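J.: Sharing the features that TrEMBL gives for it:
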- A:27-46: transmembrane segment (TRANSMEM)
- A:52-71: transmembrane segment (TRANSMEM)
- A:78-95: transmembrane segment (TRANSMEM)
- A:101-123: transmembrane segment (TRANSMEM)
- A:130-149: transmembrane segment (TRANSMEM)
- A:178-194: transmembrane segment (TRANSMEM)
- A:228-251: transmembrane segment (TRANSMEM)
- A:257-277: transmembrane segment (TRANSMEM)
- A:315-334: transmembrane segment (TRANSMEM)
Amino acid sequence: MSSLAMRPCGDFRTSYKKDNTIFETKTIRLVATLAIAAACFAPLVLDGYFLTLFIQISYLGIAALGLNILVGFTGQISLGHGAFFGFGAFASAWLNTSFNIPVALCIPLAGFLTMAVGMMFGMPAARIKGLYLAIATLAAQFIIEDFFARAEWFSGGSSGSMAAPVNLLGFEFDTDQSFYYIALFALVFMYIWGCNLMRSRDGRAFVAVRDHYLSAEIMGVKLNKYRLLSFGISSFYAGIGGALYAHYLGYVSAEGFTIFMSIQFLAMIIIGGLGSIKGTLMGVIFMVLLPEMLETGVGLMKYTDWGNIPMVTDGLAYIKEMAIGLVIILFLIFEPEGLAHRWAQIKNYWKFYPFSY
Amino acid sequence: MNFELLLQLIINGLIVGLLYGVVGMCFVLVYKSTQIVNFAQGEFLLVGAWVCWAFLIYMELPFVVGFLLTLCFMAVFGVLLQMIVLRPMIGEPIISVIMVTIGLSIFFQSLTKWIFGVSPQSYPKVFDTQSVSVFGLNIELAYLMSTIIALCIMVGFFFFFKYSKHGLAMRATAFDQQVAQSLGISVKQVFAMSWGIAATVSATAGVVIGMVNGVSDSLSSIGIKVFPAVILGGLDSIVGAIVGGVIIGVLENVAEFFDSQYLHIGNMYDIAPFYVLLVILWFKPYGLFGTRDIERI
């Protein structure tokens, strides 16, 4: 998809179909297939901690891809993605407990419900853009957050709501090992869908709206329709991610879905690379591993000369938050195109190995 | 209907609203001269209030000295922030600029939480008497002082922009950067200065609010409350920021009153401004006094 990566010698595109493939070369396709196949056997080898991390990466990754479709591909700004993620989580739990819909069906339904809510709040996007839109979505974040705290019929109010584990044909996916497969399936499915979306007519329209909305409008792209659609799709992804989160943890409480979460989603896509599907996943992995790395680093510190500094060990939660803020700033100043760009550079370096400049 | 309570709430709203107006003014100042939307505005209040508190408690300085030192510190802080973090962002897309200020806001919020803790701390007493009676209404002295300070800052802003050389340079830069540059105004200096002023003035507001309510990380929420105010007034209008601030301040108190008396929805104080924000963006996105963006093809 990306034109940044160098293509191998003699690989000419002779048709639009070839130009549009998800995987540029046979090798990349082979590696991707093998990676997915290898991931299927991961629960046999890895222990619970790594599986938890992977499941976290997958539900956050799905939601972050949604945000990247909105921000990176359509050029709209949303500061309310965390609230939509939360809405998906509550919606799925609510559908399951109130209407007795099987959980496997609740997850996509929650996605559609979130999509409707997202489109409702995305409606100002038809009239305003840029900065004003950012502030409108900020308002959406606070209003939805307030709704969670208030609507007891929906979210259980301050006590939160329970979410049953996924149950498919009588089999309960209630352990890390079994839920891992649900998460893996959802991740692969949503990412392939995202790739396919971006090479369809709608995806090209999104990119056109981002790059030059006036030209896009003159060429017959309906601006309002695509801005709204982008909001809808992005919220759909957030809803699916949130629903997976709910049924993985088994319990949803209203405190988690603050503006800080929305900022974390934005940080993921900025670190990974705006407008890059591969980059989204890299950014999510980075952001999930960053606090874990800090924790390990602080844990290792007591074996060094510094010993145990109580200020650091007690304030670890704040240090993690500070690290997130710092990482956002550093990436924007030094690597505004994100990890995806860095990855392409590394690849090019090795491709021309002795002769790169 | 309890008119006495309503009147008291409206007066409270006016006082708080004037402070919103001051913070909103700083926000507009930064936006006008540098085209940066500062999501870290609330953290200026937070950092300023904590620094002043540290001067007063740890170093046991008298209030006036500590306060003046805080202002000096914040001026340097704002200028450095602009030079180190915001200067490389000139010319970047709007999402990057917004995200940098959000990054700053997270960083300083957690930094102050880490250093000073999460529990609210109160300032040492500055006044002997707690409240005075004005026209039969009880008003806390600190509130009265905050109103006077806010009005002083507003008058100061007016004279600064109207008559001083630097104020004129800033207005020129806000009007047209290239023309200003060709007339010999250092745009770099203007950018740094506007951040310095914004940080200093916001810190004043932070100290004032801290004296009334105590210092805690909830101060940074003022930075968020400012958005409804400046959008209502128009993003690039200083007068609009003051008017918007006062309206939002009164509105949240009145909403709270009607909610507690009749509606019983709860949490209206915090959430009503955001409903207003959405309504304004829907019907009049450029606010009361803002200039319309006219795009030419």
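Cβ from N, Cα, C; glycine included.
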J.: Decide whether the stretches the transmembrane segment (A:178-194) and the transmembrane segment (A:27-46) have at least 3 CB pairs under 8 angstroms, with pairs required to be 6 or more apart in sequence.
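T.: Yes; at least 3 Cβ pairs under 8 Å.
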J.: Using Cβ distances below 8 Å and needing 3 or more such pairs, separated by at least 6 in sequence, tell me whether the transmembrane segment (A:130-149) contacts the transmembrane segment (A:228-251).
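T.: Between the transmembrane segment (A:228-251) and the transmembrane segment (A:130-149), which are separate recorded stretches, there is no contact, as judged by 3 or more close Cβ pairs.
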J.: Return the stretch with the most CB pairs under 8 A relative to the transmembrane segment (A:101-123), choosing among A:52-71, A:78-95, A:228-251, A:257-277, A:315-334.
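T.: Most Cβ pairs under 8 Å with the transmembrane segment (A:101-123) come from A:228-251.
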J.: Do the transmembrane segment (A:78-95) and the transmembrane segment (A:27-46) share at least 3 Cβ pairs closer than 8 Å, excluding pairs fewer than 6 residues apart in sequence?
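T.: No, these stretches are not in contact.
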J.: Could you name the stretch, out of A:27-46, A:52-71, A:228-251, A:315-334, with the greatest number of CB pairs under 8 A to the transmembrane segment (A:257-277)?
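T.: Top-ranked stretch among A:27-46, A:52-71, A:228-251, A:315-334: A:52-71.
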J.: Go through the chain and flag residues at least 6 beyond the ends of the transmembrane segment (A:52-71) whose CB is under 8 A from any CB in it; none is fine as an answer.
T.: 42, 46, 77-78, 81, 84-85, 176, 179-180, 183-184, 186-187, 190-191, 194, 197-198, 206, 230-231, 233-238, 240-242, 244-245, 248, 265-266, 268-269, 272, 274-277, 279-281, 283-285, 287-289, 292
J.: Mind checking which residues of the chain, 6+ beyond the ends of the transmembrane segment (A:228-251), have their Cβ under 8 Å from one of its Cβ atoms?
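T.: Beyond its ends, the transmembrane segment (A:228-251) has Cβ neighbours at 55, 58-67, 69-70, 73-74, 76, 78, 81, 84-93, 103, 106-108, 110-119, 121-123, 125-126, 160-166, 174, 179, 182-183, 186, 190, 194, 197, 202, 206, 209.
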